[in-house]
Amino acid sequence: MNLLSSFTLVTLIILTLPIIMNVTNMYKNYPYAPYVKSSIACAFITSLIPTMLFISSGQETIISNWHWMTIQTLKLSISFKLDYFSMLFMPVALFVTWSIMEFSMWYMHSDPNMNQFFKYLLMFLITMLILVTANNLFQLFIGWEGVGIMSFLLIGWWYGRTDANTAALQAILYNRIGDIGFILAMAWFLMYSNTWEFQQMFMLNYHPDMIPLIGLLLAATGKSAQFGLHPWLPSAMEGPTPVSALLHSSTMVVAGIFLLIRFYPLMENNKTIQTLMLCLGAITTLFTAICALTQNDIKKIVAFSTSSQLGLMMVTMGINQPHLAFLHICNHAFFKAMLFMCSGSIIHNLNDEQDIRKMGGLFKSMPFTSSSLMIGSLALTGMPFLTGFYSKDLIIESVNTSNTNAWALTITLIATSMTAIYSIRIIFYALLGQPRFTTSTPINENNPLLINSIKRLALGSILAGFFLTNNILPMNVPQMTMPLYLKLTALMVTITGFALAMELNLMTNNLKFKLPSDIYKFSNSLGFYPMTMHRLIPSHNLIMSQNTASLLLDLIWMEKTMPKNLSQLQMTSSTAISNQMGLVKFYFLSFLMSLLFTLLLII
């Protein structure tokens, strides 16, 4: 084992120590939350060593020392793949999680089960790192299911709330649909390749069938909340804010895109699957951007922005740029985690108020949080020389210079301008103007746990893009020639979004619409998707099953088989046996006629 693999394993071992400590009685003598935070900070510093070694050497390493089991001809080993993607993602994930852990110590300080909460967050991070460093499908599946079950436990952390339980179930059920695709791909590779090791699969199946690729795309659609399987992502906001920050920045939601990046050697020559990814990503990024425009819950707006950015990453995969999609994952983690933490700070200080219409004037009362929120929002829009710019600008350039579906590319540009609209809307309503809230407690953002954690991510949102693009391969990009208007497209689209946002905000102050428009209803109701999928179809199924149970069962069993059948049998048998017909009127009439006839004869 070389230095790179040794330090990587040390990083993973440092992260597992708090879990082992929790099993023993040692943690009862020491505060557990600071210990977990310090462990992640140490793991981050340790992970920088193998990352810098990899950047300097550029040599991929595979650790495969532990044989696990042999099933007939399938040999399974615990193996770690230390390549470009895993080596660069580990420090980013650890840095972001370190800040989120420190923020959680402030945000969850009054929770009676805070130690368990920190253990869950740490296990969430470990399962994501297992997924990222896995060198075979089975190990990747363990990490994949691990982030799924940990998200279920963390989203439903406040289990006394019905909405939190429903959101947790929704997340796990939508991800089960995606897991069907993952298991389908695993079964196909086992049947046709007899291996789950990445290197062997890529050599044997350079041009595979569509079945495993469709399965992998379905898995990524479920985990990364693409259109069709997207409703769980905004619902996940029912969990605590640190969970939202970790879930949306560097763990679960990017796992689907990471899966496609890992399998890009099988997809790079398949135009059908690339077109599917491009169109799916374009629809997702536009639809979720439209939904974000009219939301009033600050966490829901940030959640829809995550879904929109995931759609943009899927578009990047669709134009065959996996390294660019990975760069956007790394850049996106910094400012998205910070946006959620700033939102959590505002919500905590305003006594759990999440409606941006009831905020305002926070720039004066919470200057540090407001400044950080503004930096994060501008980085999200792709403002030049902030972190988001370095990946988003390259994505828009690649989109403009690619020869693929023009409609999908146009939709992507429209969605990019909408990113600026909802980002400015948060700034306009929450930070500017006059206060529209009444607080029973004074607003305070002087806690060092809050300040230090947001400060680190604010620096990352400003500088991380520059450092990443200047230190990772390729460091020297070949000189490209393109017209000036294509180079400036990303900036022009963002400026257009800013102008539209200010115009809309000013218009809503001056005009009052009598009735909401259909477009507003579509956006505010999330495209009527939840009420169609979660209410209409289940209610129809319920009514149909109710009718089947009550009408059909009653008709056959309660009526036809027993009571009515017996009465019908008795009536038929009595009619056949009896001499009398039961015609009482006829009998009386015949008696009367005979009586009258007798009287006439006597007279």
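Residue numbers in this text run from 1 along the chain shown.
Keep in mind that glycine also has a Cβ here, set from the backbone N, Cα and C atoms.
Listed features, source Swiss-Prot:
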TRANSMEM  3-23  transmembrane segment
TRANSMEM  87-107  transmembrane segment
TRANSMEM  117-137  transmembrane segment
TRANSMEM  140-160  transmembrane segment
TRANSMEM  171-191  transmembrane segment
TRANSMEM  211-233  transmembrane segment
TRANSMEM  241-261  transmembrane segment
TRANSMEM  273-293  transmembrane segment
TRANSMEM  301-320  transmembrane segment
TRANSMEM  325-347  transmembrane segment
TRANSMEM  413-433  transmembrane segment
TRANSMEM  457-477  transmembrane segment
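Within the same chain, the transmembrane segment (140-160) packs against the transmembrane segment (241-261): three or more Cβ pairs sit under 8 Å, each pair at least 6 residues apart. The transmembrane segment (301-320) makes no contact with the transmembrane segment (3-23): fewer than 3 of their CB pairs lie within 8 A, with pairs spaced 6 or more apart in sequence. Between the transmembrane segment (211-233) and the transmembrane segment (117-137), fewer than three CB pairs separated by 6 or more residues in sequence fall under 8 Å, so the two stretches do not touch. Here the transmembrane segment (87-107) sits apart from the transmembrane segment (413-433); fewer than 3 CB pairs are under 8 Å, leaving out pairs fewer than 6 apart in sequence. Within the chain, the transmembrane segment (413-433) has long-range Cβ neighbours (under 8 A, six or more residues past its boundaries) at 282, 285-286, 289-290, 292-293, 295, 298, 301-302, 304-305, 308, 311-312, 346, 356-357, 359-363, 370, 373-374, 377-378, 380-382, 392, 396, 399, 489-490, 493-498, 500-502, 504-505. Where the transmembrane segment (241-261) meets the stretches 3-23, 117-137, 171-191, the count of C-beta pairs under 8 angstroms peaks at 117-137.
Remote same-chain residues near the transmembrane segment (117-137) are listed as 8, 12, 15-16, 18-19, 22, 32-33, 36, 39-40, 62, 64, 76-77, 79-82, 85-86, 89-90, 93-94, 97, 100-101, 104, 108, 111, 143-144, 146-147, 150-151, 153-154, 157, 185-186, 189, 196-199, 201, 240, 242-243, 246, 250-252, 255, 258 (criterion: CB distance under 8 Å, separation of at least six residues from the stretch ends).
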